[in-house]
Amino acid sequence: MNAACTPIEAAAPRPRRSRQARIAWGSRVVTVGGDAPVRVQSMTNTDTVDAIGTAIQVKELAQAGSEVVRITVNTPEAAQQVPYIREQLDRMGIDVPLVGDFHYNGHRLLSDHPACAEALSKYRINPGNVGKGDKHDRQFAQMIEAALRWDRPVRIGVNWGSLDQELLARMMDENSRRAEPWDAKAVMYEALITSAIGSAERARGLGMNPDQILLSCKVSGVQDLISVYRELARRCDYALHLGLTEAGMGTKGTVASSVAMGILLQEGIGDTIRVSLTPQPGEARTQEVVIASEILQALGLRSFVPSVTACPGCGRTTSTTFQELAKQIDDHLRAQMPVWRERYAGVERLKVAVMGCIVNGPGESKHADIGISLPGTGEAPAAPVFIDGEKALTLRGDNIAAEFHQIVETYIEKRFGAAG
Ligand code: SF4
């Protein structure tokens with residue numbers, strides 16, 4: 001080792017510096033911002049008028065790990081169903097706070113349907129969609145008054161697809177009068193941030209506690225999101241809801257959301273996240289919760305489920321045994337989490353390794369809490385199992401998968417169970 005060199009600094013997310021909001025339902029309080037962990041949230045895609053269907057989807061999202069769930073409240077019929085959805089959830093023992101997503105008519109829905117206003121734990125207000133001209137400020141004020149009446153936090157959620165057009169036009173005019181006008185994108189960034197922070201200031205002027213205001217400025221481009229949120233975080237200390245809007249489907253949506261949010265979270269920006277994934281046909285809505293959780297877990301910000309390290313496979317292993325075993329273990333651990341979370345405190349930090357051959361298998365398995373190194377092509381048909389860094393036993397024969405499964409279960413019971 002070079003005597004003059006210094007230890008390599010371990011990378012870690014920077015601390016956040018936001019205010020802390022409280023989103024509550026009954027005795028369940030979800031804090032967002034400040035020293036609270038970065039929260040996972042999601043949104044239903046059911047018709048809110050279908051109260052049972054919506055309650056079931058909220059339950060699925062909550063059980064997948066969503067700590068706050070947003071529902072669309074777009075019509076009087078939808079608003080009427082909100083208390084019933086809440087009641088169904090309470091009956092099922094699902095105390096996840098519900099957020100109402102309001103546009104255009106939120107001021108009327110919140111005043112005409114007090115039971116809806118009461119059943120929701122937070123209101124999302126889009127300042128670009130609260131009315132034009134002199135109606136804008138009046139209707140925005142009516143929504144803030146409802147939040148004050150029911151003592152609810154609000155998210156002022158700006159979106160570049162529905163940016164306040166009057167504000168944007170005014171800022172474009174001002175820009176054209178500059179000696180050196182900014183480019184259109186820079187004006188749009190400024191308009192997004194001005195709309196969010198200006199609306200928050202209006203809400204404070206109406207009596208809203210700044211701790212109970214969350215902000216978001218969603219755009220659909222990765223670099224745009226990074227630019228906007230860096231500046232938003234620099235200019236204010238409100239708790240920030242982070243998400244790439246209209247991220248897209250499948251791999252594209254997953255990668256774009258992960259990259260954008262990963263960079264910002266590493267910089268300490270973002271207090272709650274939502275992955276706006278378009279579900280593939282037949283795909284569960286809960287996928288957006290799984291991805292959001294994985295982003296936070298990959299950054300080391302939170303732990304939700306035990307992690308399975310598996311090698312990618314190569315020419316040294318031509319069978320699919322290790323792929324199948326890795327998937328079985330991963331699926332099993334994830335499926336058990338709703339029960340294990342209650343029974344085995346700390347199990348979400350478990351690390352399991354399933355490796356394909358002797359090259360990296362034993363080494364990677366030793367780094368995990370429990371690992372198995374399967375035989376590669378041409379290797380003796382034996383699979384050493386490592387527990388807490390030590391070789392514990394070797395599995396042989398046709399039943400390796402089932403036996404390893406059992407070893408993992410026994411380890412969890414011993415380490416995280418009541419006796420552990
Ligand atoms: S552990 Fe073995 S099978 Fe897996 S990628 Fe490495 S060399 Fe290939």
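Residue numbers in this text run from 1 along the chain shown.
Backbone N, Cα and C atoms are what each Cβ position is placed from, and that goes for glycine too.
Annotation comment: TrEMBL describes 30-291 as domain 'IspG TIM-barrel'. In the predicted model, the domain 'IspG TIM-barrel' (30-291) shows an average pLDDT of 96.
Look at TrEMBL and you will find 308-409 tagged as domain 'IspG C-terminal'.
Under 8 Å, Cβ to Cβ, and six or more positions away along its own chain, CYS314 ([4Fe-4S] cluster binding site) finds GLY356. Summarising the annotation, TrEMBL assigns [4Fe-4S] cluster binding site to CYS311, CYS314, CYS357, GLU364.
Less than 8 angstroms from the CB of CYS357 ([4Fe-4S] cluster binding site) sit CYS311, ARG316, THR317, SER373, LEU374, PRO375, GLY376, THR377, GLU379, each of them six or more residues away in the same chain. Across the domain 'IspG C-terminal' (308-409), the DSSP tally of helix, strand and coil residues reads 43 helix, 25 strand, 34 coil. Put plainly, the binding-site residues CYS311, GLU364 were compared by Cβ crowding within 10 Å, and the winner is CYS311.
Those same-chain residues not listed among CYS311, CYS314, CYS357, GLU364 yet with C-beta within 8 angstroms of the centroid of the [4Fe-4S] cluster site C-beta atoms are PRO312, GLY313, ARG316, THR317, PHE322, MET355, GLY356, VAL359, ASN360, GLY361, GLY376.
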